[in-house]
Amino acid sequence: MAIEFTKYHGLGNDFILIDNRSSSEPVITPAQAIKLCDRHFGIGADGVIFALPGENGTDYTMRIFNSDGSEPEMCGNGIRCLGVFLADLEGESRTQDLYRIQTLAGVITPQLMADGQVKVDMGLPKLLAGEIPTTLSAADSKVINQPLEVAGKTWEVTCVSMGNPHCITFVEDVAAIPLESIGTKFEHHPVFPQRTNTEFIEIVRRDYLKMRVWERGAGITLACGTGACASLVAGVLTEKCDRIATVELPGGPLQIEWSEIDQRVYMTGPAERVFTGKL
Ligand SMILES: N[C@@H](CCC[C@H](N)C(=O)O)C(=O)O
């Protein structure tokens, strides 16, 4: 059976998008996703994203496999790509610029803006250790500036869930972090029972943060939308940054707001189609 796909990226965080609207199960298995994501023997991507029929009154459902075949709850750059993919699929019949998407992290709404950017209501961050999950604090406590031993060093970490787990640490110089060697040690640390994404953040100004990321199930990526949101929330919790800031990633900037009004996190950034193909 031939399967059509389209490659998209959000700030270099790249995905294979598949039109899965005729079935509620992904047409690709996790093992196949691993092969497709391979940058030497496959198409090359950080993950595979499926546009499935909506559930519970939503317009569509998003599922995603990381490049290691694991299934995360949410993906910020991916849901912007999905918004543009859906608009492309709907073509002439498109009637809306805001989609209600069911994800494993709840209903998320990407909105296509007139300037081509996509603004996403990423929902409420979860702050309690039991929700993240991590055993770094008691299940009903927040994890703010907790010491964590990794690679022979004590890091102060703050943990936030945007549906998926994030461990954030603030550093003087983000370029000096040996991400290749320590990223995997954070990801697989026993205090994170479902593994974790890890963000290293340099506060340049209260409204401008530099970030590098090691993603659970994908390793070093050029950008992570949920990670940028979680990092801004961590920056506010530790009184290091404002509620509205630019997060500069290796692939480019994202605008992030943790609203004082509704306590939801909003992310705005690009999503680009790269090419289409047939498997
Ligand atoms: N790149 C994504 C996050 C994808 C999921 C992540 N690897 C996980 O396992 O939680 C983003 O832009 O948010």
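Using the three backbone atoms N, Cα and C, a Cβ is placed for every residue, glycine included.
Other Cβ atoms within 10 Å of the Cβ of Asn13 (substrate binding site) number 30 in total over all chains. Here TrEMBL flags Asn13, Asn66, Gly76, Asn77, Asn164, Asn197, Glu215, Arg216, Gly225, Thr226 as substrate binding site.
Close to Cys75 (active site) in the fold, though at least 6 residues off in sequence, lie Phe15, Gly47, Ile49, Met62, Ile64, Asn164, Gly225, Thr226, each with a CB less than 8 Å from its CB. Cys75 (active site) falls within neither a helix nor a strand when secondary structure is assigned with DSSP, and so counts as coil. The annotation active site is assigned in TrEMBL to Cys75.
Among the features that TrEMBL reports, active site, proton donor is placed at Cys75.
Residues or ranges marked as active site, proton acceptor in TrEMBL: Cys224. Look at Cys224 (active site, proton acceptor): DSSP puts it in coil. Cβ neighbours within 10 Å of Cys224 (active site, proton acceptor), excluding its own Cβ and spanning all shown chains: 35.
Those residues noted as binding substrate (Asn13, Asn66, Gly76, Asn77, Asn164, Asn197, Glu215, Arg216, Gly225, Thr226) have their most widely separated CA atoms at a distance of 16 Å. Here the Cβ of Asn164 (substrate binding site) has 26 other Cβ atoms within 10 Å, regardless of which shown protein chain they belong to. Residues near Gly76 (substrate binding site) in space but far in sequence (CB under 8 A, at least 6 apart, same chain), listed by position: Gly10, Val120, Met122, Met162, Cys224, Gly225, Thr226, Gly227, Ala228, Cys229, Met267.
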